[in-house]
Amino acid sequence: MIREKTNKISIIGAGFVGSTTAFALMQDGLASEIVIVDINKDKAHAEAMDLAQGAAFVKSVDIKSGDYADTKDSDIVIITAGVGPKPGETRLDIINKNLKIFQSIVPEVVKYSPNSILLVVSNPVDILTYITYKLSGFPKERVIGSGTVLDTSRLKYMLSEHFDIDARNVHTYIIGEHGDSEITAWSLTNIAGANVEEYCKTVCANCDGSFKKELPEKVKNAAYEIINSKGYTNYAVALAVTRIVEAILRDENAILTVSSLFEGQYGIDNVYLAMPTIVDRSGARQILDVPISNEEKENLIKSAEILKGHIANSELD
């Protein structure tokens, strides 16, 4: 009998994002084995039990909690553990708190799954992905951040609402930091093959272009608005993570705005930022050096410098 290749995914962190990601992965049937690890072992056990009891409704999957030894030989390790921003805090305010957590997590993950792909979701994601890259010693392709995959989805949704079209027919990217210095790449935004400005003029009556100022701010503030109301975000980010995992496991060569290591692109070096990137079974295969406007390039460089400054001021050795 020919056995289908199995995929093992471990999730470090059984909080709102980690547990919801496990649920999304389970529903999509992307893994044959899912292991949930958390410092709170009772919480991890309860989440795994709750998910496992729905096994009759999904494709065959073994879901369990455990410790790092149970993550051995994972194909992908998703890191969601860490301290999230409280109301009034930004993602960058929590760097050193999460640095200490990652210094305890990453060596254990590397020990048991030296050939895995590491997918960082915890915030500030670009900085923590860089930290994971340094701590792991892995090739850059195998250390990926969730980047602005979620931000890009948020913008697609908002543009779809603005123009009253399906979000899947909106093509756009948020680039740079997953955070306050992120950039909306209007030069890469199109609907039905037309640049968004031309589409606006052609299709919409009284189009004044004000959405180009309003929507980027709404995207930036979306997470803070949700956190202020319910204390955390979990659903959309879990779907974003699941999309990245799907692209990896299915070797899709998909173009996603994951956080990848820059090595000279746009004059930027030695920092993780989000940019349209080819994602396949090897991980983040290639950052696409796509043409963007001069203003977008300048803002991308500024975003990189902000992140580099925070890394330099962190407690990373």
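Positions of Cβ are set from backbone N, Cα and C atoms, glycine also.
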Out of SER136, SER146, SER153, which does Swiss-Prot tie to the same NAD(+) site as VAL17, ASP38, LYS43, TYR68, GLY82, VAL83, SER104, VAL121, SER122, ASN123? SER146
Looking only at C-alpha atoms, tell me how far SER122 (NAD(+) binding site) is from HIS178 (active site, proton acceptor), rounded to the nearest Å. 11
Fill in the CA-CA distance, VAL17 (NAD(+) binding site) to HIS178 (active site, proton acceptor), as an integer in Å. 16
Spatial separation of LYS43 (NAD(+) binding site) from LYS156 (beta-D-fructose 1,6-bisphosphate binding site) - C-alpha basis, Å: 35
Neighbourhood of SER104 (NAD(+) binding site) by C-beta distance under 8 A, where only residues 6 or more apart in the same chain count: none
I need the most crowded of these recorded positions: LYS43, ARG154, LYS156, HIS171, HIS178. Count other C-beta atoms within 10 angstroms of each C-beta and give me the top one. HIS178
Tell me, which recorded positions from PRO124, ASP126, SER146, THR152, ARG154, HIS178 are within 10 Å of HIS171 (beta-D-fructose 1,6-bisphosphate binding site) if we use the C-alpha atoms? THR152
The number of other Cβ atoms within 10 Å of the Cβ of THR152 (substrate binding site), counted over all protein chains shown, is 25
